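Engineer: According to TrEMBL, the protein carries these features:
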BINDING   G163, E164, S165, G166, A167, G168, K169, T170  ATP binding site
COILED    896-947  coiled coil
COILED    1203-1265  coiled coil
COILED    1319-1438  coiled coil
COMPBIAS  600-619  compositional bias 'Low complexity'
COMPBIAS  1102-1122  compositional bias 'Polar residues'
COMPBIAS  1168-1180  compositional bias 'Basic and acidic residues'
DOMAIN    8-60  domain 'Myosin N-terminal SH3-like'
DOMAIN    69-761  domain 'Myosin motor'
DOMAIN    1501-1778  domain 'Dilute'
REGION    598-630  region 'Disordered'
REGION    640-662  region 'Actin-binding'
REGION    1094-1122  region 'Disordered'
REGION    1168-1187  region 'Disordered'
Amino acid sequence: MSVGELYSQCTRVWIPDPDEVWRSAELTKDYKEGDKSLQLRLEDETILEYPIDVQRNQLPFLRNPDILVGENDLTALSYLHEPAVLHNLKVRFLESNHIYTYCGIVLVAINPYEQLPIYGQDVIYAYSGQNMGDMDPHIFAVAEEAYKQMARDEKNQSIIVSGESGAGKTVSAKYAMRYFATVGGSASETNIEEKVLASSPIMEAIGNAKTTRNDNSSRFGKYIQIGFDKRYHIIGANMRTYLLEKSRVVFQADDERNYHIFYQLCAAAGLPEFKELALTSAEDFFYTSQGGDTSIEGVDDAEDFEKTRQAFTLLGVRESHQISIFKIIASILHLGSVEIQAERDGDSCSISPQDEHLSNFCRLLGVEHSQMEHWLCHRKLVTTSETYVKTMSLQQVINARNALAKHIYAQLFSWIVEHINKALHTSLKQHSFIGVLDIYGFETFEVNSFEQFCINYANEKLQQQFNSHVFKLEQEEYMKEQIPWTLIDFYDNQPCIDLIEAKLGILDLLDEECKVPKGTDQNWAQKLYDRHSSSQHFQKPRMSNTAFIIVHFADKVEYLSDGFLEKNRDTVYEEQINILKASKFPLVADLFHDDKDPVPATTSGKGSSSKISVRSARPPMKASNKEHKKTVGHQFRTSLHLLMETLNATTPHYVRCIKPNDEKLPFHFDPKRAVQQLRACGVLETIRISAAGYPSRWAYHDFFNRYRVLVKKRELANTDKKAICRSVLENLIKDPDKFQFGRTKIFFRAGQVAYLEKLRADKFRTATIMIQKTVRGWLQKVKYRRLKGATLTLQRYCRGHLARRLAEHLRRTRAAVVLQKHYRMQRARQAYQRVRRAAVVIQAFTRAMFVRRTYRQVLMEHKATTIQKHVRGWMARRHFQRLRDAAIVIQCAFRMLKARRELKALRIEARSAEHLKRLNVGMENKVVQLQRKIDEQNKEFKTLSEQLSVTTSTYTMEVERLKKELAHYQQSPGEDPSLSLQEEVESLRTELQRAHSERKILEDAHSREKDELRKRVADLEQENALLKDEKEQLNNQILCQSKDEFAQNSVKENLLVKKELEDERSRYQNLVKEYSQLEQRYDNLRDEMTIIKQTPGHRRNPSNQSSLESDSNYPSISTSDIGDTEDALQQVEEIGLEKAAMDMTVFLKLQKRVRELEQERKKLQVQLEKREQQDSKKVQVEPPQTDIDLDPDADLAYNSLKRQELESENKKLKNDLNELRKAVADQAMQNNSSHGSPDSYSLLLNQLKLAHEELEVRKEEVLILRTQIVSADQRRLAGRNAEPNINARSSWPNSEKHVDQEDAIEAYHGVCQTNRLLEAQLQAQSLEHEEEVERLKSQLEALKEEMDKQQQTFCQTLLLSPEAQVEFGIQQEISRLTNENLDLKELVEKLEKNERKLKKQLKIYMKKAQDLEAAQALAQSERKRHELNRQVTVQRKEKDFQGMLEYHKEDEALLIRNLVTDLKPQMLSGAVPCLPAYILYMCIRHADYTNDDLKVHSLLTSTINGIKKVLKKHNDDFEMTSFWLSNTCRLLHCLKQYSGDEGFMTQNTAKQNEHCLKNFDLTEYRQVLSDLSIQIYQQLIKIAEGMLQPMIVSAMLENESIQGLSGVKPTGYRKRSSSMADGDNSYCLEAIIRQMNAFHTVMCDQGLDPEIILQVFKQLFYMINAVTLNNLLLRKDVCSWSTGMQLRYNISQLEEWLRGRNLHQSGAVQTMEPLIQAAQLLQLKKKTQEDAEAICSLCTSLSTQQIVKILNLYTPLNEFEERVTVAFIRTIQAQLQERNDPQQLLLDAKHMFPVVFPFNPSSLTMDSIHIPACLNLEFLNEV
């Protein structure tokens, strides 16, 4: 490809710019060879003529296509040069807010100067286990790569973090260590990872300070080695430090600070424990106030000091040592503030003895005041003959004081580092380590001194190591791909290093000048000029004789030689050190006694690479023995060589930190500063090395997928993709040197990928034009057809309109004729109808007159007949009653005589002693009651007899009177008796008619009143309905005004309650999970201790018993509830204090919480049962209402009698029952004290039973008698009422007969009684209606009051703000719910107390009775066993199997082994699901039947421990775990179903109810089994997730479910899993579906409850959603439109699978909602304001951070797509500000929904279960 083709019109290039470093431009004219300039158009449309150097022919750099901009890896760029790198970093940093970018093996990290939510635990777990190129660049990816290589290659690793001050080195190193602490957490309980992290606050406090470039700049270098064991858990750590900037202790430049610890200590000076330090504000001390401002914006020194103290405590530094450390730091501040006064001669000076700061200094360090005052102003000179004491000048004293302060701080720094290393040291063997090097980057200032020289020297060494490592990796890559290797020239900085460290180099000359007695900085500089002036890396400045220039790899640096010798010597006077050695404080003396031997002091930094010394790499030296003392430069060179040896022995990983601007502005990019650092840190050198070879590398599969559009159709027929790629490249790129074919990849020279992209874009552009042409033609054809169709339609409608007008005219004419015809016909018909109606009316009146006459005559005859019939009947009944009364009197007298005789005989018999003895036992109460009843009956009999005598006397008197009157009437002469009787009859008739009329009037009045009441009730109901409507309208208005807040509040409250319940359940299950983990850890530790302590002569002692003793979490069986503290303490004493102490606290907490949940469940169940009972009562009450309507009086009377009788009997029964209870309780107490026989108990039971039966009999007799009386009376009354309604047509034949006057009077009285009865009924009904009206009125008033209250509330809430309205509504609802809850709790507590009391009493007596019965049954069975043992057993098996299995105690271990431990699920493939659970329950039932609580306890404990053992052994076997989950749940369901609790027995058959447990309450064990089920469920989910997780990312995001949809973008140095699509690690969606099919089949075959299966798949789908979404959020290469389409297709396939398996009700689809919305977000349009609103309304399940992250990551796959603009993202953020989303970016993939085990009873009966022979359970006997 020629240069002219590359530099054609519209090609974009980079040109230098003084402000932006590089600027983009576009060619407006094609370039031809030989042109001296280029015609360019800048981005601001400015035209520029860019000159070209013809001799060098150096054209401007070409710009990469837009599709390559923003790549994760800089080496993926087609054109690799400085402007491309800078632009890519700028775009990622400013537009996408990505601070990390790969550059080959280097991670470039740009400091954002802002806290980003990308370092949480969720992000750590997301990067854990991932390949480095699979995820977006991150410091965690580098840490994971180092951790993975350490585990895979078993080689030590290093992470080298470098950069300028303020670039973020310390933070990056801190996050890397946090990653190792999280991923490689310590296996022991030492929490070494917390200690490693705790060292950071301490080192930041004593080694970091504020500079002009960074508020938290590390002023020392450190290398932290984190040690790992063979399991790759952290076991320890070690720290080495380099070149602490001691000069900062005594001097700070403007706007800088001293080390943080000084300001932290001053901020905490007010604490009581720091009063003795005599500290004040930091502004009051010289060493902390030189820089000006002593505070840092946004930093609280007091709070940081508290964190520092906590870190000291965590690392094991005692409180006394901490106080001593703070005393030493405070003494340095006091030393710097000592006032030194110069004498007049100028050669001496003095310190005032009253100097407060010197006194505090001496007091805090425990040294003598006078000596320190003397030797601060004097020095000792030692010669061969004598010793002199010489005064010092003011400047010398100040220098000596500063040197002493620096030396004290350096020694304290080394001591703290040493103790940190001791705290992090471990005695375990270190298998491997990962080192994190946080070291200063290349520095250049206006004035550069000794510190900058050492720093840049270290960076030269690191850059040399970096260059050689990059060169080595490039060579390995080419050799692995079998590419011809050509030597690449790279920059070698060995000459510069030799200039510094070689023999007679700069450091050697400096050390030599330090040994000269009168050596000066000027002499040393002159020696450098003389020695190294010929070196190409050394230069002499023109205008200075004391400075020199070194040409480093990054830049030229000018160093000022002033102070080099003094800093290199690091002189401290020996006299001052000796005073400190004599301190009375041990810590101060120890700081300086460590340096007695100078040799170990100088070599403290040395050591092997495997074991590092705990000393600082550069401890300060003594002033004495100068010939043995090594200089600072020599020590630094030695420690640097040691560091390089360590790094060379490890696999390095590089992190280069870039400072984007000097103003510390968040997300502000300064190109000049960035380019300067990129050149200095070696990133551009990496680019240069990579560009010199083949920088672009494509896998064959990816290249084919990307550029298949360039392949011809006939070439696609070839199945070999490598051959296709070869032929395509040979046709497209003519120069064979531009590409190479490797073993798995194709290598391209720089620019070739851009050329291929251009060809691909041209192909697409041609195809696009063709498509556009065809579409536009089709659109025009469609438009023409549409116009033609519209014209034809208009014509058709016009013609139709004209035809319709004609038809309308014809229709109207016809209608007028028809109307005339019908009108004339109607007039004739009306005249005929009038005549006909008049004739009909006349006939009707005439016929009615004749019919009424006939009817009156028939009616009179019928009434006369009725009167005669009743009179005769009454006379016959009166005669019969007289005879019956006489017979009853005679019978009563005879029976009374006979009873008296029997009573006399019984009294005689009762006086005998034997009878009294026989009846006296327990019969006193009964005799008294019977006597009382006899007395009551005698009284009742007397009253009845008296009433009878009175009535008989009155009847006889009335009869005599009537006889007399009759005789008087018969004897009276001159009167015709028949006439008088007729008159009397007539009068009776008139009275009867009057009574009938009155009755009719009453009935009419009753009906009228009833109608009025009904009407009034209807009016009230209507008014009530209106009020309700008004209320609803008001409520609707309230709801509308408050924007549905009340409804939302109620819904929210329900959701909150559900959420709280779910949270409680999840917290409880998390506790269970933690408990199981602790139990597992305990077992592991016990096994390890057993292995460690095991010796040849070892025997098991009680502490090494079997796992059956690990049942401290299983409660023993008890007959009462174990809930309070006393029972729990009793349980602890029974189980054992040692074991109970381990887990009893956890168990009691869990038990308490479970009991609360159980109580809530019982409350809800009781409420549900009450509702059902009320509904059933309503259903039962409805049919009798018809009967009541038919016969209301009889039923009312019967009910009232029955109620009265039942009330009286109920009172008597309660009294009797209380007396019997007292007697039983007294007898029980006597039995407990005297151990008496159960005869008295059975006797009392018999007495209670007999008394109850007698009361029932008497109650029934009374009810029968009274109902007979009432029914007879009502039949008589009903007969009387029915007589007037008889409508007979017969005549009245007896109307002329004589009627007796007495009979007529009696009939009259009967009619009056009937009227009174009717009146009473009417009054009763009227009272009922009045009561109903009153009740409705009260309801109406209540509704009005409620409405008034709501109106008041509404008025109050309208005055409030919307937030206050919501709060007010919530408060009202909370108060209401609180009151209801309190009432319910009180009721439940009362019921539970009564239930417990009755249960305890009942169980006491039941247990005694059962013990006696069991003893008798056991004795009988023993006798039978000796006689016919074999025959009886055979008969029971054959005849009646009771669903129980018997085994001997010694066979329990064999049962557990065959049924639990050694059982394989395949053995029961054709058997009943959950067969082991049924067998275990039948064994438990037999133990319950024999009342053997120890057997039940042992069997359940062994079963649970056996299941745990099996699950621990098969902790990765899904089938085994599912098998035992189903069996554990089934055993739990059996214990519930057959517990005897009515709540669990609703679906049982009668046969199943016979199989219930009789003696034991296993509620506590049900809870333990429930906890075990939770643990098994969690293990099942863990196994399933472990099997699915490797498939998810490849199947959901990378595999092409829709072929040809996705296009692959260029990849860089980092390999992605997508590159291995043809390899073994790729999965498709069908693999996930197959795996889930396998899960579903296993769980269904093993009989797992369907509800649990639903929950399993809900959890698995949530995991698929979380892992996929997290990878989507952390991978830029998959955030594209095609990925969204693939995701939606994959999700639809999963939904289809759910529907096919009938699992769509599990809620699994709802858990996938965030992923569905993310897929839709990738496909939505992202340009306008409407698009932003659509995105905000659609993505409700995604948080704001997730939406913005996806938009930032969105990457077009070709140039036809457009990137998401920054303005659009800002619009989205502005619209989503109101959301209160969590700050977490990623989903918690480890989140587990709380599992619920709903009760699922079995339909099988125990006696129908067959035990297969393969289980080897022949020792079980069927009972």
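Cβ coordinates come from backbone N, Cα and C, glycine included.
Provide an account of the burial state, proximal residues and distances for the features listed.
Structural biologist: Listed in sequence order, V161, S162, G163, S218, D438, I439, Y440, G441, C657 are the same-chain residues at least 6 apart in sequence whose CB falls under 8 Å from the CB of K169 (ATP binding site).
On the 0 to 100 pLDDT scale, the coiled coil (1203-1265) averages 55 in the predicted structure.
Within the chain, the region 'Actin-binding' (640-662) has long-range Cβ neighbours (under 8 A, six or more residues past its boundaries) at 89, 93, 103, 105-113, 139, 142, 145-146, 149, 153, 155-169, 172, 176, 213, 223, 240, 242, 435, 437, 441, 457-458, 461-462, 465-466, 469, 605-607, 609, 617, 668-670, 673-674, 677-678, 681-683.
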Engineer: Near S165 (ATP binding site), which residues of its own chain have a C-beta under 8 A away, given they sit six or more steps off in sequence?
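Structural biologist: Listed in sequence order, they are T211, R213, N214, S217, S218, Y440, G441, E443, K659.
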Engineer: Note down the number of other Cβ atoms within 10 Å of the Cβ of T170 (ATP binding site), including every protein chain shown.
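Structural biologist: Excluding its own Cβ, the number within 10 Å is 23.
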Engineer: Which residue counts does DSSP yield for the region 'Actin-binding' (640-662) in the helix, strand and coil classes, in that order?
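Structural biologist: Tallied per class, the region 'Actin-binding' (640-662) gives 9 helix, 8 strand, 6 coil.
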Engineer: A 10 Å Cβ contact count, applied to the binding-site residues G163, G166, G168: which residue has the minimum?
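Structural biologist: Counting other Cβ atoms within 10 Å of each of the binding-site residues G163, G166, G168 gives the minimum at G166.
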Engineer: Identify all same-chain residues not among G163, E164, S165, G166, A167, G168, K169, T170 whose C-beta atom falls within 8 angstroms of the centroid of the ATP site's C-beta atoms; report them in sequence order.
Structural biologist: N111, N214, S217, S218, G441, C657, K659
Engineer: In the domain 'Myosin N-terminal SH3-like' (8-60), how many residues does DSSP call helix, how many strand, and how many coil?
Structural biologist: 0 helix, 26 strand, 27 coil
Engineer: Are there any residues at least 6 positions away along the chain from E164 (ATP binding site) with a Cβ closer than 8 Å to its Cβ? List them or say none.
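Structural biologist: When sequence neighbours closer than 6 are ignored, E164 (ATP binding site) has R213, G441, F442, E443, C657, K659, Q677, A680 within Cβ distance under 8 Å.
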Engineer: Looking at Cβ-Cβ distances, which residues of the chain lie under 8 angstroms from A167 (ATP binding site) while being 6 or more apart from it?
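Structural biologist: Listed in sequence order: A109, N111, G441, C657, I658, K659, Q677.
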